Amino acid sequence: MNNLFYQNVRLLILTVLAIAVWGLSSFFSLPRIEDPEITPRFAVITTSFPGAAPERVETLITDKLEQSLFEVEEINNIESTSRLGFSSITVELNETINDVDPVWSRVRAKINDTIPLLPSGAATPKFEQSKPKANALIVALTWDLESAPNYAILSRWAQELDDQLRLIGGTEKVEQFGTPQEEIAIEVNPKQLTNLGLTIQSVSQQILQSDAKVAAGQLRSNQSNLLLEINGELDSLDRLNRLSIQLGNSSNVVRLGDIAQIKKGILDPPRELALVKGRRAIAISAFVESEQRLDAWAAIANTTLNKFQQQLPNGVGLQILFDQSHYVEQRLNEVLMNLITGAVLVVGITLFMMGWKSSLIVGSALPLSVFMVFGSMKLLGVPLHQISVTGLIIALGLLIDNAIIVVDEVQIYLREGLTPKKAVATTVREIFSPLLASTFTSVLAFVPIATAPGGTGEFTGTIGVTVILALVSSLFLALTVIPALAGRLHYWKPTPASGSWWQVGFSHHHLGQLYSWSLDRTFSRPLLSIALSLILPLWGFISLANLEQQFFPPTDRGQFYVNFELPIQASLQQTQSQVTQARELMLRHPEIADVQWFIGKSAPPFYYNVIQNRENSPNYAQGLVQLQKNVKSGSLIRTLQQELDQAFPAAQIIVRQLEQGPPFDAPIELRVYGSDLDRLRELGDQLRAELAKTPNVIHTRANLTETLPKLALNLDEEQLRLAGLDKTAVARQLDTNLEGIVGGSIFEGTEELPVRVRSLESQRGNLGDIASSTLLSPENSNQSGNRVVPLSAVGNLEIVPDVVTISRRNGKRVNTVQGFIPAGMLAAQVQTDFQDRLTASNFTLPSGYSWDFGGEEGERGDALSNLISTVGVLMIMMIASLVLTFSSFRLASIILVVAILSMGLGLGSLALFNYPFGFTAILGMIGLMGVAVNDSIVVLSSLNHDPKARQGDRHAARKVVIRSTRHVIATTLTTIIGFTPLLLDASGFWPPLAITIVGGLGGATLIALYFVPSVYLLLQRSLTKESRKNNLNN
C-alpha cells in the first residue's frame, strides 16, 4: 500500500487528471463576491403612531412589543428608540444561532400576537430583516429637464426597471429609494367646513362610502352565474369633483368640487429624497442571491440596462451609481495575482534549495492542492472572495511543506542505494506518523478561526476553512501522488550524487562546516543554548504592552460616506438645501468624482458593514462619495471633515472611511442605564463633556441631549364639557386638519392612488391659522343649529421643550454617548485616553445606574471571546495528538513550549516592524502556534528514531539535525516566501497577520534546529543517568 501509486501508473495518471478536472470545473462555477456574507442576525421593527409623544410611544407601542419579544430566548439584545410618532426596535440574535429563519418566524408570530394590544391609531408594525450585505447594483433615474421633476413619469419608468431587474435569474430582491407616494389631494378650508357642519374626517368618510370597490354578491341559476357589482366607484378627478357631500345631519348636499381644491400630486412633504448629480432622482437597487456568480449576473444586468436606456423618453436619464461586480473583479484579480506570484516565488525557492527535479515534483503539489481546495469549496458552498483566496495564499508555503519533506526523504534513500520502489515505500512508512501529527496540529490551530461564531468569525472564518482544506489536500498528495512522482522521475532520469545547484540544490562547503560547528558547540552546552533561545520570545511578550491596539483596518476602496444630521426639528427641505451646498463644497476637490445624497433615511446598502438604521428622519442625509481612480481617501477625509464642520456649524457631519469587520455606530460608545430621563440626561452631558475634551475626538453625540420644541395645547376641561367636546375629539379634529386622512382610492392602471383630505397647504404650516382654527361640536352638527367652537375658547397654545427620543436596551432606559474620531486614528488609544480622563475626574454613577462600553471595544471583546471559545478544547486535542505521536508527555511538552515561544517571536515581529496588534494579528498568532511546531515535530521525531541520539549522544544528534536541515530550511523559506504578497499588501489589512506568522516561523526554525535538540539531549541524558542509577541499585 505504501507504493500503490508508484506501482500503478494508470492510477497515478487518472488521479492527477481527476483532481485537475474537478478543480478547474469547480473554479469556474464557484460564486464570486467581494467579501464574505454574514448571517443576518439583526432585524428592525418599526411602528408608526402619528402625533404621539415619545413617552406615549414608549409606553403604548415599544414596551408592549419588547415584552413579547423577551419570550424568544434566542434573542441576545433588544434596542429601541421611541420618538415623536414613531417606534423603532432593533433585535439581535445570539451569535451562536446559524439557522435564523425559524427564529425570525417566531419573532414575527410574537409581533402579530401583540398587534391587538396596540392602541387605535397605531399602524401595523413592520418587520424587516437587516442583511449585512451590499447591493450588487444601484442605478438611478434622473429628471434632466430644467422644469420641476415629473414624478409620475419617473415612478412609472422606475417600476418598469424594477420589474426587469427582478426577471434576471439570481436576483434576490429589488428596492426603490426616493420614490414619492402619489396621491389625490383634496384640500379644504377647515373653518369653511365647520361653518357647513362638516369636518375633514366626515368628508373623508363620505368619500370612502362613495367608493364601491367591493362585490355586491352573485346571481346563481341553473343557466348561469352572474356577478353583481355597483357602478360608480371613484375612477377619476372629475368623478371626485361631482361627488355629493351631505352637510351635517341635514338633507342638504354640496358638490365636493365646490368646497375643495382637488389635484393629483405626491405626498407633501415627501418622506425621502434621492439627489443624484444634484438633481432629484429615484434610485433602484438589486441584491443577488448568494449562490450566484456576481460577474455573470452583472453582465446580464448591464445588457438589460442598455436596452432599457434606449427606451427612456427625453428628459429621463439613467445613471449607474454602484456596480459591485467591478469591485469583485478588482479584488479577486488582486488576490489571484497574489496567489500566482506567491506560487512562482515558492517554486523558485524550491528550485534554489533542492534542484530542478525536486522543484518540479514539489511544484506539482501546488496546483494539485489548489485544485483539490477549489473542488472542496464547491462541495462545502464556500464562494470565492478576498478572504477565501487569501486563505489559499496563507496556505501556499504550508501545503508544499509535506511535499518537500517527502521528496527530500526519497532523494536521501535513493542516494543511499535503495531502489525507487523501496525508497518510496520506506519514505511513506517512516514519515507517515510525523506528517500526520504535524498536519493535524496545524489543522487544529486553524480550527478556531474556521469555527468562531458570530459575524466576525463568519467574516474571517473562510481563512481557516481554506487553509485546513489545503493542509489536508497536501497531506493526501504527500502520501500518495508526490512520492510516486519522485520515484518515477528518478527512474526516468536519476539524480546525480553531486552537481550544480540547479541539479541537486544549493550547498556550500564552508557554510556547512560552520553550521556543523555551531551545532556541535550548542549541543555541548545545551543550557546556554536554551537560555539564548528564550531571549527574543521573552522580549516579544514584554513588547505586547507597548503595541497599539486595532480591531480591523480600513479598506482601500475608492469610496467613503458622509452622515449629515441637522437639529431634530429641521425639515426635509432644509436638509436638502444644506446637502446641496455640501456637495458643491466637496466637488471642489478634484479627487472626488461625484457625491450622491439620500435624504430622510439611510442610503441603499453599498458596503456590507455600513449600518442602515435611519428611517423617517427628515433631518438626516447620507452621502455616497465616489473617488477618482487610484486616489487614497485617508487625508482627503480628514480635510473634508474640517471644511464641512466649518461650513455647516449647525449640523453634525461625520465623514467616515469604509472599514473591515463587524459594523458599529461609533468607534467610541458608552451606555448609561437608569430610569429617570432627566438624571440620565445630566449624566450623559457630563460624560459627553469629558469625551469632547479627549484628544482626537472630533464629534460627540448623546441620545438624550437634544430637546424638541413642541406645541402644547392646554385645554380647559370645563369649557370642553360645555361645548360638548372632549380631549380625544379635539385631538382627532386637529390631527385630521394638519395631517389629513385617507378616504377611498383611484386606480390608474395597476397603481392605486389614495385620496387624502387635508387642510390647505397655506394653513398647515401657519401657527396663527392653527391657533385661530375652529372646532365642530359633534352634539350640534346639524345644518340649522351648527355650533362652531373657536379653539381659543377652550384652550391655549404654548411652545415647550420635549424629549426627542427615549432609547432602551434590553428593557432598560439608556443614554448612549458616542464619540467620533478622524480617519486613520486608532479607536483603542482614544478609548484609553477617555477612560483615563474619567478616572482622573473621579466620575461615579449614582445608585441604581450602571454603564458599559460599546463601539469598537465592545465588538472587539465579543469577537475575541468567540474566537477563543474553542481554543481550550482544541489545545487538549493538540496535546493528545502529540502525546500519542511521541508516546511521551515529555517530548510533547517540548513541542508545546515551542508553540508558546513562537507566539513571543510573532509579537516581537509586530513590535519590530511597528504594526498594531489587531484582530488579523491575533489570527496570525493562532495559526502560528500550529505552523511553527511542524519543523520541531520533524526534528524531534528524527532524533527519537536515532538509537544513539536517544542515549544523549550529541554527535549523533548533530548528524540527525544536519540531515533534517535541508527540508526544514526549505519548508521555512517557502512558507515565508509564500507570504510575500500579503506582506506587501497595500491595503494594510493582511501585513499584521503575515508579519506575525513570518517572524514567528523564522524564529521557530532556529528553535527547531538549536533549542529542541538541546532540550532533547538534556532530557535523554537525565533519563539515561536515571536508568543507569536504577540498574546499579538493582
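Just so it is clear, glycine is given a Cβ too, placed from its N, Cα and C backbone atoms.
Here is what TrEMBL records for this protein:
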type     : residues : note
TRANSMEM : 335-353  : transmembrane segment
TRANSMEM : 360-381  : transmembrane segment
TRANSMEM : 387-410  : transmembrane segment
TRANSMEM : 431-451  : transmembrane segment
TRANSMEM : 463-486  : transmembrane segment
TRANSMEM : 527-547  : transmembrane segment
TRANSMEM : 863-884  : transmembrane segment
TRANSMEM : 891-913  : transmembrane segment
TRANSMEM : 919-943  : transmembrane segment
TRANSMEM : 964-984  : transmembrane segment
TRANSMEM : 990-1019 : transmembrane segment
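Contact between the transmembrane segment (431-451) and the transmembrane segment (990-1019) is not supported: fewer than 3 Cβ pairs lie under 8 Å, counting only residues 6 or more apart in sequence. Listed stretches 527-547, 863-884, 964-984, 990-1019 were compared with the transmembrane segment (335-353); the greatest number of C-beta pairs under 8 angstroms is found for 964-984.
Between the transmembrane segment (360-381) and the transmembrane segment (463-486), three or more CB pairs separated by 6 or more residues in sequence fall under 8 Å, so the two stretches touch. The transmembrane segment (990-1019) shares more Cβ pairs under 8 Å with 527-547 than with any other stretch in the list 463-486, 527-547, 863-884.
When Cβ distances are compared across the two stretches, the transmembrane segment (891-913) makes contact with the transmembrane segment (527-547), since 3 or more pairs at least 6 residues apart fall below 8 angstroms. Here the transmembrane segment (964-984) lies next to the transmembrane segment (387-410) in space: the count of CB pairs under 8 Å, restricted to residues six or more apart, reaches at least 3. Counting residues 6+ beyond its ends, the transmembrane segment (463-486) has Cβ neighbours under 8 Å at 3-6, 12, 15-16, 358, 361-362, 364-365, 368-370, 372-373, 376-377, 380, 382, 387-392, 394-395, 398-403, 405-407, 410-411, 424, 427-428, 432, 435-436, 439, 442-443, 446-451, 923, 927 in the same chain.
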